[in-house]
Structure formats: C-alpha cells, structure tokens
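Student: Take a look at what TrEMBL says about it:
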type     : residues : note
DOMAIN   : 5-138    : domain 'MARVEL'
DOMAIN   : 143-290  : domain 'MARVEL'
TRANSMEM : 41-63    : transmembrane segment
TRANSMEM : 75-99    : transmembrane segment
TRANSMEM : 111-128  : transmembrane segment
TRANSMEM : 140-165  : transmembrane segment
TRANSMEM : 177-200  : transmembrane segment
TRANSMEM : 212-236  : transmembrane segment
TRANSMEM : 264-284  : transmembrane segment
Amino acid sequence: MAIVLHSSPLLWTRLAALIFSCVAFSVAVHGGRLFHGTGDWCIFCWAFSFAGSLLVLLVELFGLQTRAPVSWKNFPITFACYAALLCLSASIIFPLYYLKGSSGPNEVRDFRIVSTVFSCLATIAYMTEVSISKARPGEVAGYMATAPGLLKVCETFVACIIFVFVSDPVLYDRHAALQYCMSVYCICFILSAAIILLCIGECTGCLPFPFARFLSAYALLAVVLYLSATIIWPIFNFNPRNGGSKNRPYNCNTMVGLCVWDKLMAVSVLTAVNFILYLADLIYSTRLVFVSA
C-alpha cells in the first residue's frame, strides 16, 4: 500500500490541529484534576477531535479516499467544522469551571492554563481547515463544503447545546407552549442531521424529489418554526404573568456553573442564534435553487 504525502497548507493545518487537540486533553488528564462533569465533556471534545483528525490523515496518507464508505468530498470538512465547534465550546467552558476563582495548587492551575491555550489553538487550526476546504465561487464541491452545508453543522451543534440546557433540570414541562418549543428543536435537529447524513453517505440522489428544492422548503419551515420558538420561549419563562422572572435570582451568584435562570436565558439566546442561522440557510438555499434552475 503506497503512502501518499503531498505537502500543502491543508496538511499542515490538520497536523497542527492533531497536535494541539492531543496536547489539550493529555495535559488535562495528566495534571488538571478534573472533578466536574464538564471536565468529561471537555476531554471528549479534545479526544474526539484528535481521533477524527488522525483518521482523516491516515486515510489521505494511504490514499484510501475511494475505499471509504462515505463521501470524501463531504466528510473531512463536516468533521473539521464539528471539531472547531467542539473545541470552541471546550475553550469557553473549561476556563469558566476550572480557572475562574481557582484556589488549587499552582501546578494544577498551570496544567489547566496549558490545556486552555492548546484548546484555543486547536479551535483556530480547525477553523483554518474549514476556511481552506470550503467551496470557492465556481468550484465544484460537495454540499457540505458550501455555506448551507456548514450552516447545517452549526444548526445541529447549537440544537445539541440547547438539549443539554433544557434537560438538566427539565425546563420545558411547565407549560404546553414550552413543550412546543422543545418539539421545534427536535424536529429541526432531526431533519438537519438527516440532511448531513444523506450528504456524507451520498444518498441525496435516492430521494423521490429534487434535493435542492427540499432544502429550500425545509429551510423556510425551520425559519417559521424557530421564529415562533424565539418569541414563545422568553414569554413563558421570563414574563411574571406566566410564572417567570425578569430578574436574575441572587442565589445564581453563589452557584458553581449555571443556575436555572441562566440556562433559561442561554436557551433564549441560542434559539435566536439558530433562527438567524436558519434564515441565512434559507437565503443560500433559495439562491441554490435559482442557480440550479
């Protein structure tokens, strides 16, 4: 089996991301003394990114792209985008839980600082890989390398963060309107994830309808659903008439991590963020339909 090694900015960027993510989780495991569940999440983000980068490099090193059971036009950039978002989340969460107000030994704090720095470097490396790999105007590329494809990745990632916030404790069981918002998050997440899987598996041609028109129709539906959720979620969580509170409780200042009110606010903000992402997705998907036509 021949080894194929072509020096390029993309190769060096992937190698940098591989090294940075490896150092981040290795240092954290070795001397970070992680005691909270968020530490496990950060380790997962770095380890998953490292494993995926190693897989991509090995496949390209041995020239196995044509033998891979996935579309190699779509898989590497999809993974890189997810890895960038995962490392970004770890770069924000890790210092908030393990550096802010830390009073442990200086050696442990040094390990945590090193992990945070290399997590930020890994984030930059993965973002650079996405920037290098994304489709240029007039270039023939996979759907996931285009703006709508990358937006799908961001939409599903934001939805996953929303699921984390609303599930511990359960924040959507007080009112039917909040359950409606939860159904919006689930429906849009499932459809976006299905589109990503169809593209990675090169199954879009098996659909009984034009894929481009389906994308445009789904984006319009998602915009309408998320617009309603963006309005409904704050009304039924922060309006005193519906049992909510506009002001942040005082006990939130003494809690480790986020209190319930903070999580409700975070879901409101993330819902608005996903609405904007789906709106941009709709604009790009509509242009895609007209260009195809």
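Every residue gets a Cβ built from N, Cα and C, even glycine.
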Student: Among 41-63, 111-128, 212-236, 264-284, which stretch has the most Cβ pairs under 8 Å to the transmembrane segment (140-165)?
Tutor: 264-284
Student: Please list the DSSP helix, strand and coil residue counts for the domain 'MARVEL' (5-138).
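Tutor: In the domain 'MARVEL' (5-138), the DSSP-based counts are 103 helix, 0 strand, 31 coil.
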Student: Counting each residue once, how many in the domain 'MARVEL' (143-290) are helix, strand and coil under DSSP?
Tutor: 119 helix, 1 strand, 28 coil
Student: Cβ under 8 Å, sequence separation of at least 6 from the ends of the transmembrane segment (264-284): give me the contacting residues as numbers and ranges.
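Tutor: Contacts with the transmembrane segment (264-284): 146-148, 151-152, 154-155, 158-159, 161-162, 165-166, 171, 181, 185, 188, 216, 219-220, 222-223, 226-227, 229-230, 233-234, 237-238, 244, 248, 258.
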